[in-house]
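Colleague: Please find one structure pasted underneath; my questions will follow.
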Amino acid sequence: MCSKNRPKIANYLKCYIILETDFLKLPLEEFILQCYEAGARAFQLRNKYKTARENYLIGLKIKKILNNKDALFIVNDRVDLAIVLEADGVHLGVKDIPAKVVKEKYPNLIIGYSCNTESDIRYANDIPADYIGIGPAFQTNTKEDLRPVLSKDDYINLIKKANMPAVAIGGIKGDNISNFNNIEIDGFAISSYICASKKPFEKVKEILSFYNG
């Protein structure tokens with residue numbers, strides 16, 4: 001899948017796995033397959049503290065596991081890794097290579113963009129990004145330099161101004177996902193709550209129940 005298929009991207013984002021391999025309690029392949037079988041259709045490689053080479057090798061494994069599966073493989077921050085791994089896309093933020101430049105140079109890459117303010121949304125619309133991650137929704141220890149936590153009203157306002165699918169990110173768990181009732185959110189990007197679980201299948205099902213209830 002590539003960004004030419006934008007209308008379909010929202011279908012992949014309902015449970016978006018932010019894969020930090022140091023959290024895993026299961027072998028990588030078993031973890032990914034459990035998540036996929038439960039319904040997760042997007043996986044982002046985000047290992048902030050590993051070398052480019054380490055992430056490249058992990059990325060190759062992810063590509064092999066997801067081969068011939070209907071799922072997106074996204075790389076966090078590293079445009080170079082996304083390209084050499086032939087990933088579906090890259091997720092960028094305000095401190096990364098300008099997303100608009102990446103979009104111009106690599107139009108077939110799906111571009112995700114992190115948003116916390118109306119200014120971020122305007123930039124994402126201008127890129128244009130294929131999807132955005134809005135957050136943080138709650139306090140979280142998995143990301144440094146955390147931006148201000150957003151309220152329910154913040155989410156409603158930012159989503160209304162966005163021209164692309166939006167996922168919530170930051171500290172999301174099964175016991176707080178109900179905070180998004182009555183908000184038109186396309187999905188949830190989740191790291192430690194699922195990655196650190198010995199039963200990721202059940203956790204993914206729990207998150208997806210938000211849309212099935």
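Here the Cβ of each residue, glycine as well, is placed from N, Cα and C on the backbone.
Below are the features listed in TrEMBL for this protein:
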type	residues	note
BINDING	Gln44, Leu45, Arg46, Asn47, Lys48, Asn76, Ser114, Lys143	4-amino-2-methyl-5-(diphosphooxymethyl)pyrimidine binding site
BINDING	Asp77, Asp96	Mg(2+) binding site
DOMAIN	15-194	domain 'Thiamine phosphate synthase/TenI'
Colleague: Provide, as an integer number of angstrom, the distance between the C-alpha atoms of Asn47 (4-amino-2-methyl-5-(diphosphooxymethyl)pyrimidine binding site) and Asp77 (Mg(2+) binding site).
Modeller: 10
Colleague: Restricting to the same chain and to sequence separations of six or more, state which residues have a Cβ under 8 Å from that of Ser114 (4-amino-2-methyl-5-(diphosphooxymethyl)pyrimidine binding site).
Modeller: His91, Leu92, Gly93, Val94, Asp120, Ile132, Gly133, Gly135, Ile169
Colleague: Go through Gln44, Asn47, Asn76, the listed binding-site residues, and name the one with the sparsest Cβ surroundings, counting other Cβ atoms within 10 Å.
Modeller: Asn47
Colleague: So for Arg46 (4-amino-2-methyl-5-(diphosphooxymethyl)pyrimidine binding site), how many other CB atoms are inside 10 Å of its CB?
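Modeller: Excluding its own Cβ, the number within 10 Å is 23.
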Colleague: Across the domain 'Thiamine phosphate synthase/TenI' (15-194), what does the mean pLDDT come to, as a whole number?
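Modeller: Result for the domain 'Thiamine phosphate synthase/TenI' (15-194): average pLDDT 96.
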Colleague: Test of understanding: give the count of other CB atoms lying within 10 angstroms of the CB of Asp77 (Mg(2+) binding site).
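Modeller: Excluding its own Cβ, Asp77 (Mg(2+) binding site) sees 18 Cβ atoms within 10 Å.
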Colleague: What's the CA-CA gap between Gln44 (4-amino-2-methyl-5-(diphosphooxymethyl)pyrimidine binding site) and Asp77 (Mg(2+) binding site) in angstrom, rounded?
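Modeller: Cα of Gln44 (4-amino-2-methyl-5-(diphosphooxymethyl)pyrimidine binding site) to Cα of Asp77 (Mg(2+) binding site) measures 10 Å after rounding.
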Colleague: Identify, among the binding-site residues Leu45, Asp96, the residue whose Cβ has the fewest other Cβ atoms within 10 Å in this structure.
Modeller: Asp96
Colleague: To the nearest Å, how far is the Cα of Leu45 (4-amino-2-methyl-5-(diphosphooxymethyl)pyrimidine binding site) from the Cα of Asp77 (Mg(2+) binding site)?
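Modeller: With distance taken Cα to Cα, Asp77 (Mg(2+) binding site) is 9 Å from Leu45 (4-amino-2-methyl-5-(diphosphooxymethyl)pyrimidine binding site).
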Colleague: What whole-number Å value do you get for the CA-CA distance of Asp77 (Mg(2+) binding site) and Arg46 (4-amino-2-methyl-5-(diphosphooxymethyl)pyrimidine binding site)?
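Modeller: Here the two Cα atoms are 8 Å apart.
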